[in-house]
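What TrEMBL says about this protein:
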DOMAIN    3-305  domain 'Urate oxidase N-terminal'
REGION    334-368  region 'Disordered'
TRANSMEM  12-33  transmembrane segment
TRANSMEM  82-104  transmembrane segment
TRANSMEM  124-142  transmembrane segment
TRANSMEM  154-176  transmembrane segment
TRANSMEM  182-201  transmembrane segment
TRANSMEM  258-277  transmembrane segment
TRANSMEM  289-307  transmembrane segment
Amino acid sequence: MESYILDWANLLLRWLHVITAIAWVGSSFYFVFLDSSLTPPVDDDLKKQGVSGELWAVHGGGFYHPVKFNVSPPKLPDHLHWFYWESYTTWLSGFALLTVSYLWNAKIYLVNPADPNAMGSAAAIASALAFLVVFWLLYDGICRVFGQKKNGDATVGAMVLVLVCIAAFLACHIFPGQAAFLLMGAMLATSMSANVFFWIIPGQRTVVKALKEGQPVDPIHGKRGKQRSVHNTYFTLPVLFAMLSNHYGWLYSHELNWLVLILMMFAGAAIRQFFVMRHGFKLGRNAHPWPYALVGVLVLIGTAVWLKPAPAPAAAPAPAPAAVQSPAAAPAPAPAAVQSPAATTEPAAAAPGGDTAAPAAPAAPASPAAAAPADGAVGYAQLAPFLQQHCVVCHGAALQQKNVRLDSPEQVKAHAQQIYQQVVQLRKMPFGNPGALSDDERGMVKRWYESGASVN
């Protein structure tokens, strides 16, 4: 029953998380576009009100005319819409999902079962939470110290890039690859939501309070909020990649998975930079940002080529059957060796009537088909009971998880690489209970695949 309840919690939290993330990312992308697309106002009334930019747009059958004030409007309207619940709900649902999926099952997902020196569940949970908190403290400190200095944006960007690289390296050496990738996404997403909670919204509340009290507004609050908002837009695509990466085991199972993670996140940030600058290019404010898109795409292509799987090994040729010799061609039997009495260990069996029975004929050698595969190889006959016991319940005629069936030799051959990856490399299967398989069983699957994945 506990597993069933956790499945429902996982489903509902995942659904909520995706919905709120769409709302947050959508509004964030829209306002980045809006800021990058504003043009100086033409109407004198707008200029007198302190409007610094305007945009005309058409959508859904209507025309829209948003404007942005340089610091603040002359007075506040009765209804002022705030954008923060999208961020808060996304983080809360995401953290709840992390708890249900990973922290609750830390022994399975946060601890590497293949590492004899792996930390315990409690230490793994504490380490995972520390990643979220420590990165935010370091990132926030960098922004506080260097953010408002000359060339502050470039300095902060370079330092945060180094910090992310260090975090990726540590995560992939502390946690299993799947958990490391997810925690990196959660780490950046936590800082994104913390930017909203600790900087963007408090700064806006300070401005609103000053306007209501008739006090002058300090523009520093808007500048800080804008800086953190821009950081969030560069974090977005790396976070989305980290969240999706759990479906693609060849990414996080690579021996240099930390480098894979860095490259993919860098590609996402570079492509996001292209879209941010593209709006300014359309207004003649900057050169065409195609180099950023090119770099991002080349990194993706290079990573894909680097990670391409090796071709499946060819099946070892079956040994040729022994030649059958005709009786006429057979050489005459050699005379029996004379055995000394001292060497005799057991008397010959007596036949009925007192005669000595003829010695039994030697057993015929096993046929090649019946013999076990040579050189430690594993044949399908040895693998089939394993599949029936551990795999067919979720990948058979009645149920096909991920549209994978393993109840026939043809299906097993078609999914040989996936079987090897999930059972041997990732050690994820059986799902929810990977400890059900011994190292010997996983080794059997490994030998079957490496000897050609034969199903004959």
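The backbone N, Cα and C atoms fix where each Cβ goes, glycine too.
Against the transmembrane segment (182-201), stretch 124-142 has more CB pairs under 8 A than any other of 12-33, 124-142, 154-176, 258-277, 289-307. Within the chain, the transmembrane segment (124-142) has long-range Cβ neighbours (under 8 A, six or more residues past its boundaries) at 98, 102-103, 106, 110-111, 156, 159-160, 163, 167, 171, 174-175, 179, 183-184, 186-188, 190-191, 194, 198. Mean predicted confidence for the domain 'Urate oxidase N-terminal' (3-305): the pLDDT average there is 94. For the transmembrane segment (258-277), the list of distant contacts is 32, 36, 161, 164-165, 168-169, 171-173, 180-181, 184, 233-238, 240-242, 245, 251-252, 286, 289-290, 292-293, 295-297, 299-300, 302-303, 307: same-chain residues at least six beyond its ends, Cβ to Cβ under 8 Å.
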